[in-house]
Amino acid sequence: MKSAQCLSVLLSLAILAGAIPARSNRPLKIPLQRRSRNARNSTSVQSATGERYLGAQKVANSISYVYAKYANTFAAYERNTGSRHPLDTWRRSSSPGLSRRATSKTVPLTNEDQELWYGSLTIGTPPQDFTVDFDTGSSDLWVPDVPCPVTCSGHRTYDPSKSSTSQGRYRLFTLEYGSGETIGAQYEDRVVIADQTFGSALFMSPQFSSQNYKPDGLSGLGFSEISDLDGPTLMENLKESGQLPRFLFSFKLSDTAGQSELTVGDADYAAFKNETLVSVPVTVKGYWQVVLGGISSPSHEIAQSVNFPAIIDTGTTLIMAPREIVDDYFSGIPGSNCMTTDGTCTVPCATINGTAPVFRFGERDFRVSPATWNLGPYTVGSSDCIAGLGVFEEPFVIVGDVFLRNVYSMFNFSDPPSVQFAELV
């Protein structure tokens, strides 16, 4: 029998009629911090010797998390739209990827070792403050509820009795997470500057204790098609409420403390070089899915990557690609090796900084820096370092943190929606 290690509260975001605050027409800027999901054992910045060190196990855990996350969101897409996502091949074939690693509801949201970007938002009237992981690869919002037991200790919890705008929906939700379950209640309340329906967690598994998971919750920034609850998302509500000057959000992700920021409703035009701006349309609503123009290694362009489907995902650490693309990429790099067991790839530490890729979107190339490409030694003291490109046994590329820290990214809900990239100043 599964244990009730119930965690998350997922938001299906719907505006409360007649309760929308006055139009602000100003963008909302949210400072971001970067932290390993395992707050207690974060070794993602430096090892004891002072070198950057993420470690083989953390990278492998990150890859496993990606498989489970996409298994869950593909299943949500099918429930919400009545058809399978065009990229969802794992249940229709003997694909060794998602089908081997995860079922439709095995989502280890408590992936302790994946790095994340988190900032603050408020829920309720008067506002109750929370920190959340902002993730463009999912679409639900959850925070802990007041009745949550001891594992919520150290996290801020949502108290509907202290919010004059809270409305209970008298609905429970249950989701399976690996060996346990998530059970929560749904509410409607004001989130940031829009009214939302959301669930709040009645139980959280020990992996979500404040020692293991730094933020209070998670805020998905994808489309409602991949939401686990039927309803518009936070960003879609903000878009429909007319409270923002522009229907977009944008990220600047930086390793420098105090320099990372999420802007909701516009962009920070001083943060990027306008002449380098390129726009690529979203091809299938659900994820921020676009067409990748191609990937080039220092020696050659990867033919299989040209005009290839790609999902832009701030909630994924690495760049993930099908094995044929990854194998071709590393084929010209002496001493490189890609593990068949977990999908991580290594390059000799002495040469890895010269092996970073170039990505093409639209008509422009964007270079990945050695600082984001080199994830540090495979194990402490190893002469091989982990590269920021890993194997994903599915027919699309996931463009994660390794790339996104090199660009300014904008996610536009215009019709049609699009993603824009530009070089940082």
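Cβ atoms are placed via backbone N, Cα and C, with glycine included.
Model, not experiment: these values are computed from the prediction.
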Message: According to TrEMBL, the disulfide involving C148 connects it to which residue among C6, C152?
response: C152
Message: So C349 is in a disulfide according to TrEMBL. Which of these is its partner: C338, C385?
response: C385
- prompt: Once the chains shown are all counted, how many other Cβ atoms turn up within 10 Å of the Cβ of C148 (disulfide bond)?
  reply: 23
Message: Just to verify: the residue among C152, C349, C385 with the fewest other Cβ atoms within 10 Å, which of the disulfide-bonded residues is it?
response: C349
Query: Can you tell which of the recorded positions D135, C148, C152 lies nearest to D313 (active site) in space, using Cα positions?
result: D135
Query: Of these active-site residues, D135, D313, which scores lowest on Cβ atoms within 10 Å?
result: D135
Statement: Model confidence over the domain 'Peptidase A1' (117-422), as mean pLDDT, sits at 85
